[in-house]
């Protein structure tokens, strides 16, 4: 049986560039990840594909999934639900494949309470002025919504201490490389590999006894 995969939880304030950095991480074949597509009730943006960028669902559909316990985590953010389907994540980890979750901060904290051995990475902007410039440059939100997102970002940055790692997104390629190094290092943590060697030692002892 293969070792259980790593659950990588990647989050940060709205507009920090999570999606762009995640795409950069996945653009090179040096590590195999399975990207867990999040579910949301927010409107689909131009160029987004259902089942690729997000699973887009109505509020009623989402609330039914919550009621039946089919979400690993969920959060309501600026009037919309975001969450992670549970079954897909567990099935993939059990196959020994790493699962990469790009989710909101509220959701990440829920996951940490359920899966404490996950790898929690917080993506930060260089500063709040840069974050506001990025939100304005997206051209998808009103000034009122942008102001709400900045206030929410301050609250989320204060929760950074709940994460294992913080990565500054000052340049996309560099930020992606930092995240990949973190994941590579996590695979070598003693508590993640000791089980394999415990089994090896047990098998060796049993073989000597048999002789």
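For all residues, glycine too, the Cβ spot is worked out from N, Cα and C.
Feature annotation from Swiss-Prot assigns ATP binding site to 12, 13, 14, 15, 16, 17, 18, 19; the stated evidence is sequence analysis. In the three-state DSSP reading, residue 16 (ATP binding site) counts as coil.
The feature domain 'Guanylate kinase-like' is assigned by Swiss-Prot to 5-184.
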Min neighbour Cβ count (10 Å) across binding-site residues 12, 13, 15, 17, 19 flags 19
Close in space but at least six residues away in sequence, with Cβ under 8 Å from that of residue 16 (ATP binding site), the same-chain residues are 123, 124, 125, 131, 134, 153, 169
Cβ contacts within 10 Å for residue 14 (ATP binding site), all chains included, total 22
Same-chain neighbours of the ATP site, Cβ within 8 Å of the mean position of the Cβ atoms of 12, 13, 14, 15, 16, 17, 18, 19 and not counting those residues, run in sequence order as 123, 125, 131, 134, 169
